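According to TrEMBL:
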ACT_SITE  B:Thr201  active site, nucleophile
BINDING   B:Thr164, B:Lys190, B:Thr201, B:Glu288, B:Asn411, B:Ser416  substrate binding site
2 protein chains.
Amino acid sequence: MAKITKVSPLAPAQFPNLPAIDGVRFATAQAGVRYAGRTDVMLAHLAPGSTMAGVFTRSTTRSAAVEDCAAKIGLESDAGAAILVNSGNANAFTGQRGFDAVMEIAKATAARLGLPAERVFTSSTGVIGEPLAWDRITAKLDDLSTALDQADAGMEAAARAIMTTDTFPKGATATADLDGTEVTIAGFAKGSGMIAPDMATMLSYIFTDTAITRDVLQQILWLENAKTFNCITVDSDTSTSDTVLVGATGRADMAPITEFTDPRVAPFRAALAQVMHDLALQIARDGEGATKLIEIQITGANGNGPAHRVAMAIANSPLVKTAVAGEDPNWGRIVMAVGKSGERAERDRLTIWFGDILVAENGWVAPSYSEESGAAYMKKDHITIRVDLGLDNGTATVWTCDLTHGYIEINADYRS
Amino acid sequence: MAKITKVSPLAPAQFPNLPAIDGVRFATAQAGVRYAGRTDVMLAHLAPGSTMAGVFTRSTTRSAAVEDCAAKIGLESDAGAAILVNSGNANAFTGQRGFDAVMEIAKATAARLGLPAERVFTSSTGVIGEPLAWDRITAKLDDLSTALDQADAGMEAAARAIMTTDTFPKGATATADLDGTEVTIAGFAKGSGMIAPDMATMLSYIFTDTAITRDVLQQILWLENAKTFNCITVDSDTSTSDTVLVGATGRADMAPITEFTDPRVAPFRAALAQVMHDLALQIARDGEGATKLIEIQITGANGNGPAHRVAMAIANSPLVKTAVAGEDPNWGRIVMAVGKSGERAERDRLTIWFGDILVAENGWVAPSYSEESGAAYMKKDHITIRVDLGLDNGTATVWTCDLTHGYIEINADYRS
């Protein structure tokens with residue numbers, strides 16, 4: 001693996017100060033799965049009564065851990081839950097041995113924590129196609145369990161243990177007032193390459209003390225995932241291991257939310273969306289080799305689906321991404337990307353802006369546009385590209401990063 | 001524009017020795033459209049009686065020249081034809097002024113050569129969104145016309161005049177025996193970036209002395225284009241200006257081919273396919289920054305369309321392309337790319353080879369595979385990745401190149 005020691009220039013100044021979530025404890029360990037001298041296993045325990053929701057990669061070659069989580073996520077249980085994640089090895093395309101490894105880890109974790117095995121959710125991230133030394137992980141379960149009891153790891157330590165090519169740990173938090181009760185949401189994520197939708201390629205674990213049933217939590221997660229993690233892309237490549245899990249312990253002083261029509265859903269959903277949005281953008285900011293965050297806003301499309309696909313065509317265009325890297329206001333490449341998206345577009349109805357600078361309209365560069373103003377805008381580290389298609393009311397916003405020498409450095413040497 | 005002086009390491013040793021095609025003449029000029037000190041305009045004249053066929057980009061933001069060509073290509077005429085191409089400026093997204101420029105060039109060329117304006121086909125390649133100084137081109141028409149009469153330019157000079165970021169001119173030729181008459185096909189192409197299907201992003205002009213009607217020639221071009229130019233990709237980006245024109249002068253000593261069922265279609269088609277395949281692969285070999293040609297062969301898919309889309313998902317994966325650049329036999333990224341293609345695939349039925357080396361099967365690395373043999377294979381400059389999906393009989397082959405620092409260098413600085 002390439003040694004990437006430089007932190008992304010787009011990283012936040014520091015890891016946020018995340019509050020503890022009542023009913024959730026964390027532990028980490030150095031199991032030596034692949035990396036030496038760093039933590040590579042994270043264990044989270046959620047108290048009895050917690051509800052769990054999850055969304056997973058839609059890859060047809062998804063990993064054993066994802067298949068296992070997807071099979072378990074819809075089950076009802078009051079027993080509590082555990083999440084065990086290792087970095088360094090994705091345990092993907094590892095055949096029956098891969099499934100056996102997941103079973104061994106889940107079984108041993110369940111036994112150690114007094115949970116049924118179907119309440120242990122695992123994720124693995126790292127190299128594809130190599131056998132996972134699962135026994136190195138299970139050998140650490142006594143240490144992890146002891147550390148849980150001592151409550152000596154917080155979310156920052158947990159976030160660091162699941163990093164691969166990430167250059168900084170990613171955390172976010174929000175609160176919501178649910179009819180007089182303040183609830184807290186906090187979570188973390190990893191991801192910086194193999195990032196594209198279906199669902200956005202990454203791992204994220206989010207926790208809350210909100211009392212909410214599994215089905216309502218799952219429905220909210222689906223809806224907000226479509227607007228957050230599924231709207232980021234680094235390189236158009238979709239991982240075999242994408243996972244977002246949300247656990248709600250129900251420890252807040254409130255009657256449980258049991259219906260999607262409950263008026264408390266709106267503020268809870270807004271707060272969860274804020275955390276998911278924050279984590280998703282941190283992943284784009286940590287895109288491999290990134291020097292600029294690029295936000296693409298589409299309006300006037302023939303529906304929200306077409307708007308999303310046009311936005312992704314721009315976000316995944318190597319020529320757009322290299323132009324931004326070069327601080328070149330090359331709006332012709334945006335026209336090209338709209339044209340190749342496969343969605344309806346009419347050249348002469350397109351309007352393009354860099355931030356608030358009108359660039360092109362009526363099939364031609366805007367008379368007010370100057371190359372100097374465009375070039376000055378491109379020096380920012382958060383570039384907003386706006387395109388109105390002039391057709392109907394469809395909208396979408398997606399985020400990506402630029403394509404630089406750093407991406408090539410990281411990925412031409414990943415396994416070496 | 002970045003100064004790219006190094007020729008692709010994948011370039012042929014030399015430009016092929018292309019035969020003259022009876023009834024076709026070439027001329028080039030230095031019009032100073034954008035570049036100084038090199039030719040940037042190419043004029044081809046086809047004798048009266050020539051038939052023309054063409055295929056064009058399916059971008060929804062295609063250029064004025066493409067729209068004009070597409071409107072003219074289906075017309076019947078015995079007047080002969082001309083093709084005028086400039087490099088340095090694509091005249092795309094240039095509004096009404098762009099259409100006016102095409103009209104001015106076509107009108108002036110037609111007048112100078114004694115042709116109707118609808119028999120003048122133009123192409124423009126280069127920067128998008130900047131006005132084309134068409135008067136610099138029309139000012140050279142007298143010189144071009146004189147040069148045509150002196151027949152002092154051949155196809156190599158023509159191929160050089162239309163280059164942009166190309167590092168070498170691209171030409172190819174073949175002959176066919178049509179029921180005892182030998183006919184000749186020869187042509188050239190440009191393209192090295194903004195290369196992806198719909199149709200493959202590039203310009204190509206191919207000529208033959210075959211006697212063949214417009215509709216039969218067009219049908220053959222469509223069929224062979226799907227297997228050649230539409231099967232290459234450099235960066236997944238589709239140009240606004242893609243054009244392939246084929247002109248047949250009918251000067252060979254033969255009765256014209258007037259039906260697709262004519263037995264002479266098969267050998268003619270095979271020879272044309274050979275020229276198109278050769279030119280298409282030269283474009284992939286000249287992919288911006290390319291150091292390796294990558295051939296992707298898919299078998300066992302759920303149809304040829306799905307096979308093509310799986311092949312393109314692999315060919316356009318930045319993670320696969322950077323792994324090849326790094327000579328890393330990272331077959332896990334191939335599994336990932338198959339999984340994200342959106343086409344049906346079953347993880348445990350996939351079989352993957354590097355050339356003849358069996359890499360993975362039955363959802364797991366092949367027992368016979370060694371990392372050493374994979375690493376040795378990756379040192380070649382023509383890498384073949386074979387994937388059998390194990391579902392049905394669909395097949396496809398596509399070609400691309402690796403993704404290197406050279407691509408970033410060229411494209412982060414294109415307009416500067």
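Each residue, glycine too, has its Cβ placed from N, Cα and C.
On the structure: features taken from TrEMBL.
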| residue | record | Cβ within 10 Å |
| --- | --- | --- |
| B:Thr164 | substrate binding site | 23 |
| B:Lys190 | substrate binding site | 27 |
| B:Glu288 | substrate binding site | 30 |
| B:Asn411 | substrate binding site | 29 |
Applying a CB distance under 8 A toward chain A to the binding-site residues B:Thr164, B:Lys190, B:Glu288, B:Asn411 yields B:Asn411
Reduced DSSP state (H/G/I helix, E/B strand, rest coil) at B:Asn411 (substrate binding site) is helix
